[in-house]
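The following features are taken from Swiss-Prot:
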- 132: active site, acyl-thioester intermediate (ACT_SITE)
- 12, 13, 14, 15, 163, 164, 165, 166, 167, 168, 169, 170, 171, 287: NAD(+) binding site (BINDING)
């Protein structure tokens, strides 16, 4: 008998399909059992069927009717924020113990960025993977936070237009709200702000992220070392994650922060690039790769903590 925990993915679009391929190829503690969509003609459902995975085009209702549903322990939701709230409520009526890994900005469970706070949420029945921008940048804010108090952090996530499917586009407001909040809750900033840019350039550009952190004055070498150490930790599950250039520091004086008064201290600027593993979409779609990689790392660690199947 397999000792792997069975999983289902809701959402057969870009993120769901990439995640499915990662689970099939790389998962040590998880087994891909079902792919759920609402469009019978979607490439994701067709690909899942070709790979021997049970499929349904009838949404979560169809999932509960699949014979394999009774054996499923984890459900990844790669739909949209509004849909996730309904999906979670519906599935819990059928199986209350399901572990939901939420890849939308719904955030009905605690935020989870694996390198920063996964160990605190191993027992949670619903965790939220924040956003692609959050997964890339919050570790950098947290890296500064563990050295100096962070008063303000602002991130700019630039992604290729081609990598943004309808779900991403429908959730732009939720992206900025959820990422901003998570910068504060997980990153440790007193105030967080997030901006997303969809770049229509051809050929498509790789995901780029810029992180600006205003903190109390501290040892710059210590902050740089903390950032480099954190980047290496992220690379353990997102190999294409890297610092694009050296961390930059600037002493600032009497800078006005809206709602916070004036600030004097250290400005740290971090420049990141995220290259995708190209499991389903091209390498420029690092924004999708970091989400699916973080979700997989989270569920793998949870499954490991649950111990062997009875």
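The backbone N, Cα and C atoms fix where each Cβ goes, and this holds for glycine too.
Here the features listed in Swiss-Prot are placed on the structure.
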residue	record	Cβ neighbours (10 Å)
12	NAD(+) binding site	27
14	NAD(+) binding site	25
132	active site, acyl-thioester intermediate	30
163	NAD(+) binding site	25
165	NAD(+) binding site	16
167	NAD(+) binding site	19
169	NAD(+) binding site	12
171	NAD(+) binding site	22
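Between the two most distant C-alpha atoms of the annotated NAD(+) binders (12, 13, 14, 15, 163, 164, 165, 166, 167, 168, 169, 170, 171, 287) there are 17 Å.
Rounded to a whole number, the C-alpha distance linking residue 165 (NAD(+) binding site) with residue 132 (active site, acyl-thioester intermediate) is 13 angstrom.
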